[in-house]
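Colleague: When I checked TrEMBL for this same protein, it listed these features:
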- 1-192: region 'Phosphopantothenoylcysteine decarboxylase' (REGION)
- 8-170: domain 'Flavoprotein' (DOMAIN)
- C160: active site, proton donor (ACT_SITE)
- 188-398: domain 'DNA/pantothenate metabolism flavoprotein C-terminal' (DOMAIN)
- 193-402: region 'Phosphopantothenate--cysteine ligase' (REGION)
- G275, C276, A277, D281, K291, P308, D309, I310, I311, F327, K341, K345: CTP binding site (BINDING)
Amino acid sequence: MQQTLASKRILLGISGGIAAYKSADLVRRLKERGADVRVILTDAAQQFITPLTLQAVSGNPVSHSLLDPAAEAAMGHIELAKWADFILIAPASADVIARLAHGLANDLLTTCVLASAAPMAVAPAMNQQMYKNIATQKNIATLKEHNFHIFGPGSGAQACGDVGAGRMLEPLELTALTEQLFAPVKKLQGLRFTITAGPTREAIDPVRYISNHSSGKMGFALAEAAVKAGAQVTLISGPVQLATPAGVARIEVLSAEQMLEAALAAAVNSDVFIGCAAVADYRVAEIATDKLKKGNDNELQLKLIKNPDIIASVAALTQQRPFTVGFAAETRNVLDYARQKLLNKRLDMICANDVSGSQIGFNSEQNAVSVIWRGGELDLPVQPKQQLAEQLIALISQHYKT
Ligand code: PMT
C-alpha cells in the first residue's frame, strides 16, 4: 500500500448519523496509507458507534467531552486542534454543519474546529430532504466560503427508505479525496525528464562481465519524485531488480554504449537530464565470443578501453541541450572531485556523493549529497533515498532555466 498519507495527522470528527458505522473502516483506510488518526465523537455519534471500536482501529485514545478533566490533562482541546494537519468530519450531520457554519463551540468537535488553522473537510450525511433544505444549503455555502472542503454527498437509497442526495461517501472515496489534498503540487507539469539509473554491465565473454554495486534505488527514487511532481519521465536503467515507478517510461539497457544511444535519443526531447547511473568507465576491448577457458597461466590479461562519457555527451549537445545534472561518486576529496566533474563535463549541477561507507550511496536505503551548481551549494543530509529525491527534484526545478 502506497504511504500517500505518511505521518499526516488526521483528526476525524464523527457526528450522529447512521453512516457513523462506516467510520471505523474510514479510520482503517487512512491508517493503511500511513496517517496517524485521532477521533472525536459527538454525543449523538456515541449512539451509533462506540469509542472502544474507534480506539481499537485508530490505536489512539478517543475524545468526546470538552469538560472531561482527565482527557484534557492527556491532550487538551487546544493541543488536539494544533496537532491536526487536517480535520475531516465524516459523517457530518445537518446539525453539525449548521453549528460549524455559525461558528458555535458548544462541544469538543466544534471547539477544536474553531481553534485549528488546519485545512478541513466535511462529508455531509443526512436524509435527502434535510440535505435539500435551504437552511442546509446555505450552511454548506457558508462552509465553502470559510474554505471548508465539501466531500460529497453521494446519492442513492438511504437508510430511512428515501432515495436521493445525502449519503456519506464511502470510506475509500473519502480516503482518495484526502489523498488528493496532500498530493504534491504538480510544479513540473509539462516538463520532460530523462534519468539514468543503475549500473552498466560490460561483457567479458558470454558468461562474465564487469560491473559495480549500483542498485538503481537512487535513480528510481528520482524518477518517482519527478513523476509525482508532474513531469513526464523516461528512465534509462541498467540491469537492476526494481519495479518501474507508476507513470514512468522505462528503457532497459546493459552496456554503457547502449545507455549512451538511449540517452542521446531521449535527451534531445528532454528539458532535464539527470545522470545517476554508475556507468562503467571502461569496457573490454574485445568481447570473447565463447567462454574464456582457464589456461595454465596464473594471470589473465584483459585489455580495457574507455567507454564514452554519456553525461558529457549530453551536456555537449549544441541543440536541444537539456539542463544537465550529474552525480559524482567518490571515496575521497569528494567535493573537489565533484567540482572538477561539474566543470570538465560542463554540467549545470552535480550531486557530490560520498560512497566510502556502506550506510549511504551504493545499494543502501539512505543517501546524502552536497549539491553544487555555479553560484551555490547545498548539503542534503542523510535520509531515505525517496525523501532525498524529492528534495533534489525540488532544487532542480528551482534552478532549471535560471
Ligand atoms: O544505485 P544506488 O545503489 O542507489 O546508488 C546510487 C549511486 C551511488 C550510484 C548514485 O548516487 C551515484 O553517485 N551515481 C553516480 C555514479 C558514478 O558513476 O559516478 P562517477 O563519479 O563515476 O560519474 C560522474 C557522472 O558521470 C555521473 O553522473 C555518471 O552517471 C556519469 N558518467 C560516468 C561515466 C561515464 N562513462 N558516463 C557517464 O555518464
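Cβ coordinates are placed from backbone N, Cα and C, and glycine is handled just like the others.
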Colleague: Highest Cβ count within 10 Å among the recorded positions C160, A277: which residue is it?
Modeller: A277
Colleague: Quick check: in three-state DSSP terms, what is D309 (CTP binding site)?
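Modeller: Reduced to three states, the DSSP call for D309 (CTP binding site) is coil.
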Colleague: Based on a Cβ-to-ligand 1 distance below 6 Å, what subset of the recorded positions C160, K291, D309 would you report?
Modeller: D309
Colleague: Return the count of C-beta atoms lying within 10 angstroms of the C-beta of K291 (CTP binding site), excluding that atom itself.
Modeller: 11
Colleague: Between C160 (active site, proton donor) and K341 (CTP binding site), how far is it from one CA atom to the other, in Å?
Modeller: 72
Colleague: Validating a neighbour-count step here. Other CB atoms within 10 A of the CB of I311 (CTP binding site): how many?
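Modeller: Around I311 (CTP binding site), other Cβ atoms within 10 Å: 26.
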